[in-house]
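Trainee: This structure is in structure tokens; I'll ask about it shortly.
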Amino acid sequence: MSKFFIDRPIFAWVIALVIMLAGGLSILSLPVNQYPAIAPPAIAVQVSYPGASAETVQDTVVQVIEQQMNGIDNLRYISSESNSDGSMTITVTFEQGTDPDIAQVQVQNKLQLATPLLPQEVQRQGIRVTKAVKNFLMVVGVVSTDGSMTKEDLSNYIVSNIQDPLSRTKGVGDFQVFGSQYSMRIWLDPAKLNSYQLTPGDVSSAIQAQNVQISSGQLGGLPAVKGQQLNATIIGKTRLQTAEQFENILLKVNPDGSQVRLKDVADVGLGGQDYSINAQFNGSPASGIAIKLATGANALDTAKAIRQTIANLEPFMPQGMKVVYPYDTTPVVSASIHEVVKTLGEAILLVFLVMYLFLQNFRATLIPTIAVPVVLLGTFGVLAAFGFSINTLTMFGMVLAIGLLVDDAIVVVENVERVMAEEGLSPREAARKSMGQIQGALVGIAMVLSAVFLPMAFFGGSTGVIYRQFSITIVSAMALSVIVALILTPALCATMLKPIEKGDHGEHKGGFFGWFNRMFLSTTHGYERGVASILKHRAPYLLIYVVIVAGMIWMFTRIPTAFLPDEDQGVLFAQVQTPPGSSAERTQVVVDSMREYLLEKESSSVSSVFTVTGFNFAGRGQSSGMAFIMLKPWEERPGGENSVFELAKRAQMHFFSFKDAMVFAFAPPSVLELGNATGFDLFLQDQAGVGHEVLLQARNKFLMLAAQNPALQRVRPNGMSDEPQYKLEIDDEKASALGVSLADINSTVSIAWGSSYVNDFIDRGRVKRVYLQGRPDARMNPDDLSKWYVRNDKGEMVPFNAFATGKWEYGSPKLERYNGVPAMEILGEPAPGLSSGDAMAAVEEIVKQLPKGVGYSWTGLSYEERLSGSQAPALYALSLLVVFLCLAALYESWSIPFSVMLVVPLGVIGALLATSMRGLSNDVFFQVGLLTTIGLSAKNAILIVEFAKELHEQGKGIVEAAIEACRMRLRPIVMTSLAFILGVVPLAISTGAGSGSQHAIGTGVIGGMVTATVLAIFWVPLFYVAVSTLFKDEASKQQASVEKGQ
């Protein structure tokens, strides 16, 4: 095939240009992401049950829905949380690869079976089913720069004017508003109600009767009488729109004709629909909307669309209102992709310099360099065909592929020049002869490297998604590289290279290149003598090899494990939890102190702080608080001390001084869709029905043991501690004797102490809600219970304390379930210097000490880590097996592949040493780097074994053939290995966004390639001679036995 294109170079150029054109067009359509869709798809079901406790929500809503979710296809796990504000979320997580649209339809179908079984109030509130990931993509905030708007005004504007356009934006899955829109708030005065002998239920009924929209029909509507000339719509009573209209609602007409209106018993006015959340931006009143990404959506495109939507709305915003972005996870996407592209450019430059050093000819160096854009652009075309995106994983694959793809072209060019120098042939004739020599080696290398990476594409789960990105990228690049090496490179050699005089190996050149050539020639002679010595004394070196293999196995058992390396995402979280039963005012004091520290003491790194009270990732309530901390761009905070991890450590040390609150500062995980924090994530589960109290005791024991374990830090419950609750007990017999109905009692309690949604009203053209509730000063203490009255069947007003009492007890404001059983979520991090795998092992030891009946399950990132850890050995074994079979097919021998395969531990030991010395972990990126090392180690061995086998077949002895092959292939092996190592160096020394992943993959590959090159060039001939001799002796014995039998 190569001869055809050597004679038709333009044909070869046309093929290359078509490949480049296809790839270039593909780049324009490929989406850009930090990572592919690693997180499994999840469907969230959200329900509200106003006034209900967490326990009530769990018993009457959560369990009813969970029981109907059985039988859903591809279900991985199901989790739920119920809060004391009546809210509830069930998250149904599916196996990786499940179509999220199909998953949502299945969940909705199952939900239809559960809906009739839910309380009427829940059905009335509605049930939301969304395709959204767990974490927030970004927060859009609004502040009043001139102080003319309150937080209620800002919240109302977001809900009324921003929420709907954003929810319609492509890629938005769900949202949460930190605040609420206006509602018509009716604050009841119990004393005035009693004086007029009215109850909250009377008020609710009057509002429902008089705040209505009536469909009144038409005048002259069809069918009409003959001759009718008029047709007009009748406008009947409409919904009320102003506070004054509500104030005039008639409640009662006394016998003397006097009237009691709503304003006589209540304060009426616009107020917030919900008062549980208070947001601030850098200390100023604010509101915000947190946006979650739809499952499978592109984060970068969605964020751009959101910003464009906001930009379209800004001209219509009130004067003094300013939009801010206090939390955004997408800058790291652009920055990390930019860093990898920069690394790609640096790698290409370094590879070019290495090639020029060895080839010492600009034309010869240019030929492999031309292969780089052809292969890289062609690889983008393949990525588009497979539906992939441009992300850090595919770009890492490109960086690794640069060293691999120039290898093939270098081998071709170097061999053509060697043939010209040794035999004095013209470039065209040398190219023809050279391709006849190395064509088999090129195909063999491509097969082996493809065999290393191809099995990765068939693994499942989130780890399989990561493996697949590398696999398809590198295998595509390798395939295109061989095509270019067989088609374009020989054609270029034939047309671009200048003839070389016979016997000219460059040692007579002057200057630096001449010195380098003489030094390398001298090194080659020394190398030949070294190989001859090793082949003469094989036993000691085989023993050394056994020691290396033993050391490799020992290091594999000692190196810490992880799923993915932690990354500086440019954002930080701080979570506040004040003592159970704390008021919002008390929590706000702690949040203010936290914000002041961050803005004053960490101003060099912190850009803004958006705080929220009433909410955090652990739950909702007045004792909860949260801070979204946006850091300055990476280039404005250089140095390790300004990284998000060091900032979190300093902040945590300061927050430990807070005596009246628990405050945790933590960075988000490397894959945001898999959780909200770095470290480990698990659920303690009540597997035997031991009850809430035993489970709570088990959790507390776990936290105590974890605090004493040196392998763990920042271990905390991702929930809320039991808090004081006032249990109202109704004496049914007394109530019946007094003529009071239980329905009236329940209605009064719900309205007065809770918040009752009555119906809707129209505010500036938008439908909003009407809420009925007792005045704040009539529901602050248990004694206020006596202020409220219920009317009995005789029309008399009976105080609550006549039939009701109360007592204090403890209860949970948040209840969790995992896979259908009560559970409590726990988060934590490994101690400095340890990996998440070490921390998870420590956790598993602690769980063994918990009470019987309490189990555990990993979730989120930890679930994926356990899954990836179990897959890694199978991945290595399968890759090695496929490599062996490819080599056996290539050499038509079962023995020769062993001499190639035995070199693998020499590369692996270097990767393990480099990774351990740098304090890194055995994570997914390390595993990919290790497979790359395995492939390149085998490639170097193939270059020697291929030539040794040919020389042996030409009649030379095994030892002589091995030494001659080593001499001939030393220069290309060193050149290609050095080119690859230097091409990966930018990954290992990178800084800024995405540097954690780059270090993880670059460090192992460099270490592995150094040892694979330095050691393998001596051990490969030893393996070839030892294996060939062994199998030859065995074959001779078998032949002799056969002949003897005859």
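Backbone N, Cα and C atoms are what each Cβ position is placed from, and that goes for glycine too.
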Trainee: With respect to the membrane, are LYS237 and PHE761 annotated by Swiss-Prot as being on the same side?
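Mentor: Result: yes, LYS237 and PHE761 share a side in Swiss-Prot.
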Trainee: Spell out yes or no: are there three or more C-beta pairs under 8 angstroms between the transmembrane segment (340-359) and the transmembrane segment (973-991), with each pair 6 or more apart in sequence?
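Mentor: Yes, these stretches are in contact.
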Trainee: Contact between the transmembrane segment (539-557) and the transmembrane segment (924-945) is defined here as three or more C-beta pairs under 8 Å separated by at least 6 residues; is that satisfied?
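Mentor: Taking Cβ pairs at least 6 residues apart, the transmembrane segment (539-557) and the transmembrane segment (924-945) are not in contact, as fewer than 3 fall under 8 Å.
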Trainee: Have the transmembrane segment (442-460) and the transmembrane segment (872-891) got at least three CB pairs under 8 Å, pairs 6 or more apart in sequence?
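Mentor: Answer yes, regions in contact.
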Trainee: In the same chain, which residue numbers or ranges, 6 or more beyond the ends of the topological domain 'Cytoplasmic' (360-365), come under 8 angstroms Cβ to Cβ?
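Mentor: Here the qualifying positions are 352, 413, 417, 496-498, 506, 509, 513, 516-517.
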Trainee: Where among 10-28, 366-385, 392-413, 898-917, 973-991 do we find the most Cβ pairs under 8 Å to the transmembrane segment (474-496)?
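Mentor: Counting Cβ pairs under 8 Å, the winner is 392-413.
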Trainee: Counting Cβ pairs under 8 Å that sit 6 or more residues apart, are there three or more between the transmembrane segment (392-413) and the transmembrane segment (366-385)?
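Mentor: In this chain the transmembrane segment (392-413) contacts the transmembrane segment (366-385) - 3 or more Cβ pairs sit under 8 Å.
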Trainee: Same chain, outside the topological domain 'Periplasmic' (918-923) by at least 6, Cβ under 8 Å from its Cβ: which residues?
Mentor: 556, 559-565, 833, 835-837, 872, 999-1000, 1003-1004
Trainee: Looking only at the topological domain 'Periplasmic' (992-1004), report the model's average pLDDT.
Mentor: 80
Trainee: Is the topological domain 'Periplasmic' (461-473) packed against any residues at least 6 beyond its ends, judged by a Cβ distance under 8 Å, and which are they?
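Mentor: Apart from its flanks, the topological domain 'Periplasmic' (461-473) reaches 35-40, 95-96, 379, 382-383, 386, 388, 391, 393-394, 396-398, 400-401, 453-455, 563, 671, 674, 864, 867-868, 871, 875, 924, 928.
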Trainee: Please give the sequence-distant neighbours of the transmembrane segment (973-991): residues at least 6 beyond its ends with Cβ less than 8 Å from one of its Cβ atoms.
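Mentor: For the transmembrane segment (973-991), the list is 339, 342-343, 346-348, 350-351, 353-355, 358-359, 396, 399-400, 402-404, 406-407, 410-411, 414, 634, 638, 936, 939-940, 943-944, 998-999, 1001-1003, 1005-1006, 1009-1010, 1012-1013, 1017.
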